[in-house]
Amino acid sequence: MFSYVFMQNAYLASTIIAIICGIVGVFVIARNMSFLTHTLSEIGFAGAAFGLFAGWSALGGMLLFTTVSSVLVGQLSAKTSRRESSISAISALFIGLGILFISLSNKNASYATNILFGSVIGIDAAAVHQLIWLSVAVLAVIFVMYRFLTFDSFDPVGASVHGLWTNVISIVFLVILAFSVSVAAQVVGSLLIFILLTLPASAAKYFSHSVVGMMTIAVFLALIGVWGGLYLGYVTNWPVSFFIAAIEAGFYFCALLIERFKK
Amino acid sequence: MTEPIIALDHLTVSFPGHPVFSDLNLTVNRGDFLSILGPNGVGKTTLMRTILHQLKPTSGRVVYYPSRREVTVGYVPQFRNIDPEYPLSIRNFIELNFPGFRLPWLSRNERLTTNAIIQQTGLTQIEHRPLGEASGGEKQKAYLAQALVEKPDLLILDESTASLDPVTKTELLDLVKRLNETSGLTVLFVTHDIPMARRYSNRYLMMSKGGTESGRIQDLSDQQVWRSDHV
Ligand SMILES: Nc1ncnc2c1ncn2[C@@H]1O[C@H](COP(=O)(O)OP(=O)(O)OP(=O)(O)O)[C@@H](O)[C@H]1O
Ligand SMILES: [Mg+2]
């Protein structure tokens with residue numbers, strides 16, 4: 001299987017993505033942003049469609065749309081309840097826009113399918129390099145901001161009392177999230193991004209009580225998901241995204257069951 | 001030595017359509033242990049949040065000496081929502097309070113400080129338990145430990161000892177008092193417990209609907225306590 005260049009590329013890309021998603025996912029869970037992540041993936045769909053329509057790359061359009069909108073949405077309202085409904089409205093708008101751009105760009109339906117459901121098998125070396133650079137940038141920002149991000153994510157009250165610039169931290173995190181969403185979409189597609197960004201981290205919090213511990217477990221679970229998914233996809237010819245989704249959902253429910261039994 | 005740390009300068013706070021307190025003037029000196037007293041709803045928590053710059057005063061201001069950036073403030077709020085599934089252990093929660101552009105892992109010094117605080121607050125037995133599963137009193141201890149770990153100049157306790165058993169309450173207040181005496185920690189202690197206020201503080205601020213009074217704790221009369229509750 002590894003003698004095929006496209007499989008090498010697919011494994012490399014999904015490994016990087018699993019690492020990013022595991023690490024960023026821990027912050028997503030701590031900040032209660034699963035819902036926003038889901039919306040960002042829909043906005044990413046519109047962005048990718050716009051990228052095709054405008055003649056850029058899908059990734060470029062995604063980065064633009066998710067970054068701008070994550071910062072806007074994050075600033076929209078501090079009140080969670082109101083934020084949830086405004087997010088729903090925004091995601092509806094963006095899905096509509098995505099459909100519009102796809103049809104305007106005169107591309108056939110398979111493009112839409114690729115954006116929505118992922119096309120990791122088709123990823124080429126140039127795209128892998130792009131992913132590597134983006135991922136290194138995301139990891140570098142997290143490394144430098146680590147103490148601020150963990151404080152603000154795991155104890156927002158304490159962080160604001162401490163006089164930390166929680167607004168700045170939150171915008172930085174939203175940009176990190178937008179980049180991660182755009183990167184992850186390359187493997188699992190924009191519909192299933194939250195599988196890698198939220199499920200491994202949600203499961204991890206039942207097994208570790210430290211930030212680094214949760215990150216390690218989340219990365220591990222994400223890696224098993226993407227590696228297993230690629231392998232099973234290769235063997236059966238079924239969609240890779242299906243296997244990744246099934247594996248990650250399986251992990252999550254196992255974690256819940258184990259937690260039940262411990263109680 | 002009377003060196004001010006904060007001053008309330010004609011401080012007025014009101015929420016839309018209803019005033020909480022007005023024209024409050026008070027200077028708190030370094031090393032003061034100030035008890036803030038008064039009935040429910042009089043504005044003690046509101047005053048603390050204003051001091052923390054979490055609320056903007058309607059008029060007047062809160063001044064820090066030499067400046068807000070140079071005063072480290074530890075705050076143990078009256079209420080804090082912690083999800084029962086909150087994953088971090090008590091130790092990891094305490095260690096959050098070392099922010100800065102530094103390496104993700106703690107330095108040796110930071111670890112030693114954490115160890116000392118965990119020991120002093122009596123959390124050694126349960127430091128590895130998730131905070132979400134801790135009891136109400138254990139949570140309060142963890143919040144206090146987290147506030148103390150950065151060696152604050154000013155510590156704000158908003159009824160932080162209300163849910164503690166008498167022995168633990170005394171232990172923790174003894175610890176705070178020791179820091180107050182040895183390292184000049186300034187304490188704002190919001191409480192309904194007059195005997196505790198008398199035992200630990202040197203000054204009081206009595207808030208009531210009719211206005212506020214302040215003075216040395218030994219001058220606080222039972223009459224004043226009674227009146228503030230009934231005005
Ligand atoms: N965010 C807010 N919006 C509107 N009113 C508020 C708000 N927070 C507090 N209040 C009001 O301000 C008044 C003072 O509240 P505060 O919490 O400061 O009282 P307190 O002295 O701390 O009382 P307690 O002893 O019960 O803790 C109350 O009447 C309360 O209803
Ligand atoms: Mg209060």
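Cβ atoms here come from the backbone N, Cα and C positions, even for glycine.
The annotation transmembrane segment is assigned in TrEMBL to A:12-31 (among others).
Same-chain residues lying 6 or more positions outside the transmembrane segment (A:43-65) and placing a CB less than 8 Å from one of its CB atoms are 90-91, 94-95, 97-102, 104-105, 107, 111-112, 115-116, 127, 130, 178-179, 181-182, 185-186, 190-191, 193. TrEMBL lists A:43-65 (among others) with the feature transmembrane segment.
Taken from TrEMBL, the feature transmembrane segment applies to A:85-104 (among others). Through the fold, the transmembrane segment (A:85-104) approaches residues 35-36, 38-39, 42-43, 45-46, 48-50, 52-53, 65, 69, 73, 76-77, 111-112, 115 of its own chain, all at least 6 residues removed from its boundaries and within a Cβ separation under 8 Å.
The annotation transmembrane segment is assigned in TrEMBL to A:116-149 (among others).
Sequence annotations record features per position, and here TrEMBL assigns transmembrane segment to A:169-199 (among others).
With a cut-off of 8 Å between Cβ atoms, the residues of this chain six or more beyond the transmembrane segment (A:211-234) that come close are 1, 7, 10-11, 14-15, 17-19, 21-23, 25-26, 120-121, 150, 154, 187, 195-196, 199-201, 203-205, 240-244, 247-248, 251. The transmembrane segment feature in TrEMBL is assigned to A:211-234 (among others).
For A:240-258 (among others), the entry in TrEMBL reads transmembrane segment. Within the same chain, residues 10, 117-118, 120-121, 187-189, 192, 195-196, 199-200, 202-204, 206-207, 221-222, 224-226, 228-230, 232-233 sit at least 6 positions outside the transmembrane segment (A:240-258) and bring their C-beta atoms closer than 8 Å to a C-beta of that stretch.
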Can you tell me which parts of the same chain pack against the transmembrane segment (A:169-199), counting only residues 6+ beyond its ends and a CB-CB cutoff under 8 A?
13-14, 16-18, 20-21, 24-25, 27-29, 31, 33-34, 36-38, 40-42, 44-45, 47-48, 59, 62-63, 66-67, 69-71, 73-75, 114-120, 123, 127, 131, 134-135, 137-138, 141-142, 145, 148-149, 152-153, 159, 221-222, 225-226, 240-241, 244-245, 248-249, 251-252
